[in-house]
Amino acid sequence: MRSVIADSRRLVVKVGSSLVTNDGRGLDHTAIGRWAAQIAALREQGKEVVLVSSGAIAEGMQRLGWTRRPREIDELQAAAAVGQMGLAQVYESRFSEHSIRTAQILLTHADLADRERYLNARSTLLTLLRLGVVPIINENDTVVTDEIKFGDNDTLGALVANLIEGDALIILTDQQGLFTADPRKDPAATLVQQADAGTPELEAMAGGAGSSIGRGGMLTKILAAKRAAHSGANTVIASGREADILARLASGEAIGTQLIARTARMAARKQWMADHLQVRGHVVIDDGAVEKLTEGGKSLLPIGVVGVQGAFARGEVIACLNAAGREVARGLTNYSSAETKLIQRRPSGEIESVLGYMLEPELIHRDNLVLV
């Protein structure tokens, strides 16, 4: 089996906290130097690399003299603010040894949920790559609470892979890859060398929490691979403790777990909608509407809506739930939540008589709808 990285030109590399810190005691400058050297070697092979790096909070904790990760959000944000300075400085210094310029980009999921900001971020990243710069990306933990509390850079790496239409996402961790079971508890557990991204069984295999320094577990990596597949990006989950891991993957050596994107690449607009981690609201649809969306490729009409949840405006991304509460699709709504409540369960021909106007006959047009 050959590594998919060998034939990939545009890469997103995510390194976890444990691979760039001294077990939480600040940044490991030597380790970061090795990552810079490996990425420099990839660039000499003609590959473009975007680096998603954790480590800001761990560095901030060290600079502030804290030995335990704080629980209070404001203290986490303070640690991130202090640590981000050091993280940027070390990467700039180490990459400069290879005559490579770096750029710091701090993102939140909200940045990528807004269409205009999404396109601006994409344009900036592609320009940096064209200029030969290595973008260093991290979540903007200083201003966002949800990302610190629940988020992870595995997901961010997948979103960035989709943003720049990367060929592959490499998630480097302190584990060898995905096992069929927890190898610490099951001696019969074996490494999953290759599988299709999004296979339901993979989520059942994944489990366990991250360390006290980082936040990501194996499940987040499996879900990140599923998300990266939206843009056709393959994912490799491998141990960053392996010597020269990036060079070996680029040479074709199969290391860790390869998760292959088998589904067709989504159109850019639908990919953006699918990547929303949070939607503004939900509509519950009947079984007939579910069938028309999932099997017939039809638009969602008001008559198929049986319930409205949350507050949303026209043009926002909303989720479509079946009777069991499972999301089956999402898309851009033509009507607000208040308007939808008035026209639900009604045929499109009655919209104007109910509202006094009709913007569109569909609640969500099929061109603005994506199955999930």
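Backbone N, Cα and C define each Cβ position, glycine as well.
Per Swiss-Prot, the ATP site holds T173, D174; the candidate it also names there, chosen from K14, K47, is K14. If you take the Cα of K14 (ATP binding site) and the Cα of D141 (substrate binding site), they are about 17 angstrom apart, rounded to a whole number. Residue counts for the domain 'PUA' (280-358) under DSSP (helix as H, G, I; strand as E, B; rest coil) come to 26 helix, 23 strand, 30 coil.
Cα to Cα, N153 (substrate binding site) and T173 (ATP binding site) are separated by 11 Å. Cα-Cα distance from D174 (ATP binding site) to S54 (substrate binding site): 13 Å (rounded to the nearest whole number).
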